[in-house]
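J.: These came from TrEMBL, pasted as-is:
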- 8-88: domain 'Lactate/malate dehydrogenase N-terminal' (DOMAIN)
- GLY12, ALA13, ALA14, GLY15, GLN16, ILE17, GLY18, ASP43, VAL106, ALA107, ASN108: NAD(+) binding site (BINDING)
- 133-301: domain 'Lactate/malate dehydrogenase C-terminal' (DOMAIN)
- HIS164: active site, proton acceptor (ACT_SITE)
Amino acid sequence: MAKDPATVLVTGAAGQIGYALVPMIARGVMLGPDQPVILHMLDIEPAAEALNGVKMELIDAAFPLLRGVVATTDAVEACKDVNIAIMAQASALEQHAAPNCKVLVVANPANTNALILKEFAPSISEKNITCLTRLDHNRALGQISERLNVHVSDVKNVTIWGNHSSTQYPDVNHATVSTISGQRTVRELVGDDNWLNSEFITTVQQRGAAIIKARKLSSALSAASSACDHIRDWVLGTPKGTWVSMGVYSDGSYGIQPGLIYSFPVTCEKGEWSIVQGLKIDEFSRGKMDATAKELIEEKSLAYSCLE
């Protein structure tokens, strides 16, 4: 039986990331090849003409899964009955989104923006407000696959801890690679702790800046692809034995202060995420995890002082 369409909101849809993201959603990359979608695209008034151009292109592409497109500068119209919201605007979501709307915040500072959204949209469950650290997660996978000359799909269970910023901690202590002889640890195969504890971490932390330097534009293609990965795994579930990184509401796991939006390793099942528990944390990791938490506490304090 055909599924009912899912209504997906993309804000800033005329921008770089939005322009890369909406065709992926319409093609089924985000929600699967059998899930029809209705796209709601929101942008500011000066971008209205460009936004309409994006709508024209979506129609011209004749995506079989795309059941409707709304291009608007009206937040109320954009948020009406949406099931999934990406880069969202809080007050309109609070009043007009579907009750179980899943929210992914991409706009930086993503973790703190997600926290502020939670304040202004109290009816949306804290379990349904997340931020994007999957881009950092995928960057870490990419660096390991390049270093080892293995396919990226053979690398799993890296973790991004903390903030989507240059203090994030890309952790490979529990990451493995599928080989002919079975699962082997990344540390064993790389055989260079100095690289893993320094250059690898810095490369992932600074990757966004490196892309801006190279392209003179921020990373849009990889950000859009990672947003699709984030929502797809959240809605459809993570593969057995595999976790991913998501910025989610801290419950105190791993000694991280409750009330922050912090990137943790998570598994997803039936539309719900759960923080992976029981991972061993060494002294080096503890320091990195606490440093990025400290930055998030400072960001939260600054943001809330501006709201008072």
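Cβ atoms here come from the backbone N, Cα and C positions, even for glycine.
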J.: In DSSP terms, helix, strand or coil for HIS164 (active site, proton acceptor)?
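T.: In three-state terms, HIS164 (active site, proton acceptor) counts as coil.
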J.: How big is the Cα-to-Cα gap, in Å, between GLY18 (NAD(+) binding site) and HIS164 (active site, proton acceptor)?
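T.: About 19 Å separates the two Cα atoms.
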J.: Work out, from DSSP, the number of helix, strand and coil residues along the domain 'Lactate/malate dehydrogenase N-terminal' (8-88).
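T.: Secondary-structure composition of the domain 'Lactate/malate dehydrogenase N-terminal' (8-88): 34 helix, 20 strand, 27 coil.
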J.: I'd like to know the mean pLDDT over the domain 'Lactate/malate dehydrogenase C-terminal' (133-301).
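T.: A mean pLDDT of 98 is what the predicted model shows over the domain 'Lactate/malate dehydrogenase C-terminal' (133-301).
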J.: Taking GLY12, ALA13, ALA14, GLY15, GLN16, ILE17, GLY18, ASP43, VAL106, ALA107, ASN108 as the record's NAD(+)-binding set, what's the max Cα pairwise distance in Å, rounded to a whole number?
T.: 17
J.: Quick one: give me the count of other CB atoms within 10 A of the CB of GLY18 (NAD(+) binding site).
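T.: Looking across every protein chain shown, the total is 24.
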J.: Does ASN108 (NAD(+) binding site) have same-chain partners at least 6 apart in sequence with Cβ under 8 Å from its own Cβ, and which are they?
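T.: The answer is HIS164, SER165.
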J.: Show which residues of the chain containing VAL106 (NAD(+) binding site), separated from it by at least 6 in sequence, have their CB under 8 Å from its CB.
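T.: Within the chain, VAL106 (NAD(+) binding site) has Cβ neighbours under 8 Å at ILE17, ILE86, MET87, CYS131, LEU132, ALA223, ALA227.
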J.: Quick one: of ALA14, HIS164, which of the recorded positions has the smallest count of other CB atoms within 10 A?
T.: ALA14
